[in-house]
Amino acid sequence: MLACKMKPLPFNLCNPKKRPAIINRSYALLHFIAATSLIFYRVSSLLHSRPSLPHLLMFASELILSLLWLLNQAYLWRPVSRKTFPERLLQEKGEELPGIDVFICTADPKKEPPLEVMNTVLSAMALDYPIGKLSVYVSDDGGSSSTLHAIREAWKFGRSWLPFCTRFGIKTRCPKAYFSRYEDDLGEKGYHEEKEKIKQQYKWLEEHVKKAGSSGGMLGETCSLNSINHPAHIEVIQDESHDTNQAKMPLLVYVSREKSPSSPHHFKAGALNVLLRVSSMISNSPYILVLDCDMRCNDPTSALQAMCFHLDPRISSNLAFVQFPQKFHNLSTMDIYDGQLRSVFLVKWPGMDGLQGPMLSGTGFYMKRKALYGDIVQEDTDPIQLKQYLGPSNELVKSLHRSNHHNSVNNMDSPSRLLEETRNLASCTYEKETQWGKQVGFLYNSVVEDYLTGFILHCKGWNSLFCDPPRPAFLGTATTKLNDTLLQGARWNCGVLQVALSRFSPLIYGLSRMSLLQTMCYAHLSLQPLYSLPMWCLATIPQLCLLNAIPLYPKVSDSWFMIYSYIFIMSQLKHLEEVLSTGDPMWTWWNEERIWMMKSVTSYSIGSLNAVLKFFGLREANFVPTNKVADDEQVTFYQKGIFNFQASTIVLAPLVTLVSLNMISFAGGLARIIVKGSNWNEMFGQIFLSFFILMVHFPIVEGMMFRKDKGRIPPSVTLFSLALSTCFLCLGSLILMP
């Protein structure tokens with residue numbers, strides 16, 4: 001009788017998306033032919049006539065758009081989807097699951113309320129993972145006593161919350177989300193009574209945290225000091241009573257690194273590197289989960305899902321991180337600001353997953369600790385060499401080859417010495433003359449540490465994976481105000497362009513270290529701010545020439561006009577196809593078109609300017625946390641799908657100026673054609689372009705002329721923008737005069 005040994009079932013599956021790949025590649029081929037024909041037409045036209053400045057600017061804009069389009073096609077070449085089987089993992093590796101350290105970062109208690117941060121902390125502590133192998137670290141860059149008080153109170157509440165979630169199999173383990181939504185009757189004895197009891201405890205937590213937040217200051221100091229000047233403070237949160245009857249809890253550690261105006265702190269990357277060093281001393285788990293303070297754990301099984309990849313022997317050896325998508329709990333039906341970032345997390349990242357893996361996205365990723373240390377972590381590495389990389393701490397060097405998860409302070413021979421060592425590791429001078437932020441940990445060359453760190457990991461041969469389960473693993477808070485959306489985009493685009501202008505420019509540094517398609521993906525994102533240049537040209541030059549009867553496009557009767565028509569129409573249809581294929585309604589296409597144009601004019605332009613100024617040393621790098629607090633009026637506008645134009649002038653003025661310019665040009669150009677009998681055949685392309693821009697930006701027209709509420713565009717900004725657009729058209733007409 002033949003014995004048959006069954007092959008173990010896989011922990012995960014990867015499924016290529018064949019139909020989207022065929023559509024994407026077919027579209028790319030046809031669009032490439034059309035774009036090449038357009039460039040040929042422009043070159044031949046410039047060679048056969050004296051080139052004017054408007055024609056040269058339009059040609060340059062079309063070249064930039066063509067280049068960025070070409071780089072963008074790499075995202076669409078080989079999309080895949082993945083599925084995990086946590087139950088198989090538990091059956092085979094249940095007793096061998098590795099430890100996980102959760103890093104949660106907060107910086108400003110006013111913009112990031114401590115109660116919201118504690119909800120994230122509690123949801124992370126309640127992950128469906130062995131408690132003895134889970135540790136949670138909270139980085140408080142603001143050094144706020146209210147945040148420290150909140151984390152102590154959250155620990156006490158967690159003593160009841162975690163057992164409640166485990167006993168009744170609660171899926172929504174963020175207390176605020178759980179108590180604010182309808183929960184089905186679980187049908188278990190004692191459920192309702194226990195729920196009411198826990199709910200009262202949560203209300204008590206809310207009251208105490210809010211009360212402390214209204215009067216809190218800096219740690220050990222008066223309220224007059226600010227968040228850039230405070231000493232290091234490390235505290236392991238625990239009960240004083242040591243009651244053995246209490247439920248077991250994950251390790252919870254509060255970390256406030258030292259900050260001084262005289263020492264660079266490197267923003268979020270610096271905070272993460274401090275957590276990396278401090279956690280090495282205390283728990284030293286082989287994997288870390290990084291979360292923004294508002295990105296709560298929505299699926300308690302996310303850790304097991306990530307381990308389905310990290311513990312798969314087929315892929316684990318060179319897998320650096322598993323990235324989950326950023327999803328948000330407060331999105332409106334219309335999502336007028338594209339808060340869901342649909343294109344990134346439903347199209348681009350699944351496309352990169354078919355290559356070398358998605359980019360690091362700042363939050364919601366499970367990282368292998370070893371990947372952040374690189375090749376220096378070897379058994380035979382000289383300790384002296386390690387100190388040159390990691391700094392003077394002997395204990396930190398020893399931790400590289402030690403796994404002592406959940407080695408809590410109470411179990412150590414000298415807990416006071418350990419805490420003293422962690423304070424040294426969290427000092428603002430520890431990283432001097434080391435490789436932290438250069439070759440070790442999260443990298444410092446950009447304000448978007450996630451992009452650069454992920455890029456270098458991929459260049460070193462590491463891979464990543466994208467996991468998008470049916471139930472969102474994490475839920476954050478999307479911006480609900482135009483001003484916050486555009487300024488957040490400006491910071492992101494400044495950071496990626498910083499990388500493009502550095503020695504790590506993807507097209508130079510990455511081309512010899514990664515595949516061509518992976519390099520194209522990174523290059524597209526780093527050069528994305530360049531969209532601002534063609535957008536400014538397309539929104540001004542054709543309109544100026546329209547008023548002066550100077551044609552920039554072929555006649556409608558000319559066969560070359562079909563090339564322009566094909567590129568425009570097919571680009572819109574392809575965008576619409578992507579929207580519909582990801583399950584979104586048709587209006588998402590229109591909203592994304594609008595917000596992309598707005599970002600191109602503002603976020604990309606401001607980000608580009610800041611990056612260039614920083615490149616020449618004319619501006620210091622800065623990082624302003626996104627405001628997580630939204631007032632009722634702001635939320636009401638957003639939920640109704642109405643733009644809130646209560647924004648800074650630097651954001652509003654460019655948008656209103658370009659819309660005003662297009663209104664004047666469209667009306668003037670149309671009047672010229674009707675009254676003076678100008679050639680409609682020659683000017684149709686420019687007439688249509690102005691009309692399209694006005695239709696896309698109709699909310700701005702509405703905010704300028706028709707709205708009377710608080711969210712309208714201020715009359716002062718409207719008048720200022722009208723004056724700017726009029727001056728541009730007058731001066732431009734003088735320059736174009738023969």
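Glycine is treated like the rest: Cβ placed from N, Cα and C.
Because the structure is a prediction, the values reported are computed rather than measured.
In TrEMBL, the transmembrane segment annotation falls on 687-705 of the listed ranges 60-78, 687-705. Distance noted between the C-alpha atoms of Lys111 (UDP-alpha-D-glucose binding site) and Asp292 (Mn(2+) binding site) is 13 Å. Below 8 angstroms of C-beta separation, residues 336, 538-539, 542-543, 546, 590, 593-594, 597-598, 642-643, 645, 655-656, 658-660, 662-663, 665-666, 669-670, 673, 680, 711-713, 718 of the same chain, each at least six residues beyond the ends of the transmembrane segment (687-705), sit close to that stretch. By the Cβ criterion (distance under 8 Å, sequence gap of 6 or more), the transmembrane segment (650-675) is counted as touching the transmembrane segment (717-737), at least 3 such pairs being found. For Asp141 (active site), the recorded positions whose C-alpha atoms fall inside a 10 Å radius of its own C-alpha are Lys268, out of Glu112, Lys268, Asp292, Asp450. Largest Cα-to-Cα span within the UDP-alpha-D-glucose-binding set Lys111, Glu112, Asp141: 13 Å.
Lys268 (Mn(2+) binding site) sits 14 Å from Glu112 (UDP-alpha-D-glucose binding site), taking the C-alpha atoms as the reference points. In this structure, the C-alpha atom of Glu112 (UDP-alpha-D-glucose binding site) lies 10 angstrom from that of Asp292 (Mn(2+) binding site).
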